[in-house]
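Note sheet for the following structure.
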Amino acid sequence: MAPGVLLQPSQSELEAASPPKAAASLLQLTEEWDDTIRFYLNGTKVILDSVDPEITLLEYLRGIGLTGTKLGCAEGGCGACTVVVSQINPTTKKLYHASINACIAPLVAVDGKHVITVEGIGNVKNPHAIQQRLAIGNGSQCGFCTPGIVMSLYALLRNDPKPSEHAVEEAFDGNLCRCTGYRPILDAAQSFTSPIGCGKARANGGSGCCMEEQKGTNGCCKGSSEETTEDVKHKFASPDFIEYKPDTELIFPPSLWKHELRPLAFGNKRKKWYRPVTVQQLLEIKSIHPDAKLIGGSTETQIEIKFKQMRYGASVYLGDLAELRQFAFHDNYLEIGANISLTDLESVCDQAIERYGSARGQPFAAIKKQLRYFAGRQIRNVASPAGNLATASPISDLNPVFVATNTTLVARSLDKETEIPMTQFFRGYRSTALPPDAIISSLRIPTASEKGEYLRAYKQSKRKDDDIAIVNAALRVSLSSSNDVTSVSLVFGGMAPLTVSARNAEAFLTGKKFTDPATLEGTMGALEQDFNLKFGVPGGMATYRKSLALGFFYRFYHDVLSQIEARSSDLDNSVVAEIERAISTGEKDNEASAAYQQRVLGRAGPHLSALKQATGEAQYTDDIPAQKNELYGCMVLSTKAHAKLLSVNTEAALEIPGVIDYVDHKDLPSPRANWWGAPNCDEVFFAVDKVTTAGQPIGMILANTAKAAEEGARAVKVEYEELPVILSIEEAIEAQSFFERFRYIKNGDPESAFRDADHVFEGVSRMGGQEHFYLETQACVAIPKAEDGEMEIWSSTQNPTETQSYVAQVTGVAANKIVSRVKRLGGGFGGKETRSVQLAGICATAAAKVRRPVRCMLNRDEDIATSGQRHPFYCKWKVGVTREGKLLALDADVYANGGHTQDLSGAVVERSLSHIDNVYRFPNIYVRGRICKTNTVSNTAFRGFGGPQGLFFAESIISEVADHLDLQVEQLRILNMYEPGDMTHFNQELKDWHVPLMYDQVLQESEYFERRKAVEEYNRTHKWSKRGMAIIPTKFGISFTALFLNQAGALVHIYHDGSVLVAHGGVEMGQGLHTKMTMIAAEALGVPLSDVFISETATNTVANTSSTAASASSDLNGYAIYNACTQLNERLKPYREKMPNATLKDLAHAAYFDRVNLSAQGYYRTPDIGYTWGENKGQMFFYFTQGVTAAEVEIDTLTGDWTPLRADIKMDVGRTINPSIDYGQIEGAYIQGQGLFTTEESLWHRTTGQIFTKGPGNYKIPGFRDIPQIFNVSLLKDVEWENLRTIQRSRGVGEPPLFMGSAAFFAIRDALKAARKEWGVTDVLSLVSPATPERIRVSCADPIIERARVKAEEGEKSFFVAI
């Protein structure tokens, strides 16, 4: 959306933006101020007059055609929008290149700066070294996140051309990627490094070396992680790196060195923007207009505007006020300007520690530690302490430190300066003691005493990097020479509506002898009184939060004790150390495909679009240039989970300037046209008289701009009559709320087997859902044509044909009038298989009504609210075994939360039942599956499609049986593992069965049992830190379970010049499908890979396509292309015989003049499959992809924090078509699976039924530093695949590795067993997935967690619901 250029605002407009008196006075104050911003963009000067202050930098960039910068979340949490802003740093007076989030940066804030986007540093013809190395290093799959990652690395290199490995490892803490698993990105980035020093992060003033606490079983990380650039090059199949030449970078424009900042004032009816250049000007504004919103980095303000619908009539930008960004060292305190950036504050803290020494510098070490995990680098580059203080967030990481250190806040107004002790600053929730007309000018942070004072800061969150705190704390104590407590501050965030001191605990501690054991116990008891949380406390997690408060103090107490009485018998030294990470590394077996490499097939190579993606030139749906007369759509969504629709009033919305129309069910050709769904047509595009889930579309507002459309949608007034709501599986079971579809598999005689079993064990296993979190949200452009009702649909969909069918339905024409096109997706993972149809249908309805193009790209919160997730599952099981552990029988009821409609839930449940055996033989089995009908968004396909849920239940059963029998779980797996030729419980023979072989290989290659002995020794000597291991096998059936979908078509053209154009039915969504298909065609036709091209996927070139899903697309489309190429080769055979040395150009030329058809339509359908439910007959899958993974983790049992130490993955992918692509799929799937089973927790508001976790702020996919510290991947080799009848004898690899991520979960469970055993608890642990830090902590059985447990009172329920 291009920003509007406004005329100079009139006085009436200004009065609308400010109170009347303030407006008049402000006009008088600012009448001489400038209304023009001047900046440079990619080296070119830009001058803009009277800019709309509501426009973000991202909107401006995309509006002028620089679409390489992407919108991923609109809240600064994913990094897809990262650009670099270069300026003379007001604090250091040096040039600094800051990576920032363009999605939350106001355009008007870049005055006097140089903005650099991904387009500005290189292109496909002349790429930057970063872009080229990332591309050939396989660091880009779907590519939507890639420009942001490129720019984060670019910022690092511009500031430090030879960064350390540690700096590179941490450079991406503000970026997310959903595809790659991060390893290849880090490998490419590390090629720029100069390795020095140990890679461990510093904490609490320590040196940071991993050997300091003797924690590493493998020695210092420095010894294992240092690599030269040459070493890094060997990680890639093609090490032809472009040389990095820092002296050829874009220069900082000379005119900006002498750019003189001028005060700015401009705006419109809605908003006025001021940029003072002196503090005096700022104070004058505040005196006239105390309610003016002060903006430093805009990191919080933009979110308030976007998601909380806050409106600020007047904003004052402080980012360029040098006076507020200075610092000064004094004898006993450091004074910092309150608007200093957090990045600069990190550097200042380093200087302070060096100046004051480690003892007196403890406050600055504490601040620096909190900053290390404070948001991402892009946020820290612009955010400030003043912003933290003014917003008064109860979970701010810095505020507890300021309170605990007795920092003084200096507030200035026009007529006075006020000193406010931080202990008195916070008054209530988001309320402070700051006078309305004052600004936070500076902070005076006292140094600690040279002796006797101890300060530590702590934080626990769901994910280590870029995550808000669950609980944080700053704990300080001052001791006399006799160790009596003379002063104490115990300050916590996340325990109350504001940053709060533990008053009872502080009172108890004061005057006590610190080294007396009774002091610890008494303080813990007092903390229980301070934080007596209720079970239903807002924010939830009552037990966990209480345990963290107690645990932080327990750690602090022993840390201090270790400093003053290192040999005390009361010292629990093992509790002091926190988890640290080494520089991550990994190895791949690059020789795995050597034995069967052909001219093209079997050879490693990058994704063919990788370089376009890295340079920002790859085009996605919303990058398509605006069409003439195009409108933007924004959906009106239900805010109730279950209610009657009483009225929908659009009058106010249609009055908003720029709003054109409203579309709903009345605009469809018939009531029947409103119904959609696959395979059951049980969902409506637009709600009619009732809504059955929050987030259900009611209508769509059309407007000239996205902003106007969003404002219009919010202005639609909907009146409801609420109805009873069912959210969770348990609630659905209790209410018997199920869809009719029921499936079962029965084999053998379970009843008799249970009677004969030595042991019968029963249990319940539960697994949460998972948000797809593709970086590109659902997007669509519907373009009506002038004739015959034709329409062109550009949709971010995995399913062009179904999109075509339903667009035809809602527009009332035949399918031959609709062309559905897809260039590429920014990720899909199943979330765009059916759910993309909803947006396409609504956009098409709107376009048909107004006869104008309609565009819509969902915001992240809208996408999560409407598009569904992986199904949560619940399994109640009973298993019979012999005393030796041989499995005899399994009986299980499996329930899936389908949501408010069925979507693909039936097929998802079917696959879960077929995978509930994993790799184990249950000779007698009866498993049943039901779909729960609830008032949540309809859950849908997600990578694995029910398979991971069934596999998880199998491994949960195996783990619990092993514990019941006190057997080694690794041996129990071997005892019950299928052998070659065995039949599954759905009567399919296991051919080319290699799991036992791979299991043995992984045990040996990972030195599993030797390391397990080391883990046992570690656990024996570490009370509060435990390690665990697991080795998890898998098999995954490849084929659509719906038989008719196992078919594909292709169209291959050979042109006169010998170039080849291929079209097929599959969609490129980052998995490298087009790359593999191009390779197949190039091999078959005997031409170079560069001579073959795939442009797009479209329904007018290949019709009746199956969705790109089920890991079957390479098999299906590959053989269809091969079939077409075979036809062409047969036609060219006579010419090859006549001209054996001719090129394809020569052959095509000759054949054309002989009137030979140089186009061929290929087709393939999977043979010999077709399963009949109920009869348990027929072959369900064409083959099984197999794998084994060994994982090792470390958990902090005091906090629930954890880190993956190592993963060794081996996959059987047959004869790989392209090992680079397959390795990328394996690594990406593993990390996505690790997220599924650990960090990714979806939560719903109990009171409203709306999803709470609807963005990166509170839904945590794994980040760069969540991957295994050692991440090894290999492919099975040196075997024959005698029965594999696929293209190249390759196996599908997209979905199968995802379950391997559960190895981290089961390793955590193993560590928890050790933690519980430490305290004498040996009960069998039934661990719910995901194993979040909360679940890890509350599963421990130590005295601290037991005293922290919060029980629900009668009728009391948890704040959030896990459905």
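Including glycine, each Cβ sits where the backbone N, Cα and C put it.
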Of C103, C142, residue recorded by Swiss-Prot at the [2Fe-2S] cluster 1 site of C73, C78, C81:
C103
Among Q798, Q804, Q902, Q971, find me the residue Swiss-Prot lists at the same Mo-molybdopterin site as F829, R943, A1110.
Q798
Recorded substrate site member, picked from R911, R1011, R1012, that accompanies E833, F945, T1041 in Swiss-Prot:
R911
Where the distance is taken from Cα to Cα, which of the binding-site residues C78, P385, A1110 turns out closest to E833 (substrate binding site)?
A1110
Reduced DSSP assignment, G387 (FAD binding site)
helix
Determine, using Cα-Cα distances only, which of these binding-site residues is closest to E1295 (active site, proton acceptor): C73, C103, L294.
C73
Other C-beta atoms that fall within 10 angstroms of the C-beta of A1110 (Mo-molybdopterin binding site):
28
In which DSSP state, out of helix, strand and coil, do we find C78 ([2Fe-2S] cluster 1 binding site)?
coil
Given the binding-site residues C78, Q798, F829, R911, find the one whose Cα is closest in space to the Cα of F374 (FAD binding site).
C78
Determine the minimum-neighbour residue: among C81, L294, listed as binding-site residues, which Cβ has the fewest other Cβ atoms within 10 angstroms?
L294
Check each residue in the chain of C73 ([2Fe-2S] cluster 1 binding site) that is at least six apart in sequence and keep those whose C-beta is under 8 Å from its C-beta; list them in sequence order.
A80, C103, R860, G1255, P1256
Mean pLDDT across the domain '2Fe-2S ferredoxin-type' (35-121) comes out at 97
Secondary structure of E833 (substrate binding site) (DSSP, helix/strand/coil):
coil
Translate the DSSP assignment of R911 (substrate binding site) into the three-state scheme.
helix
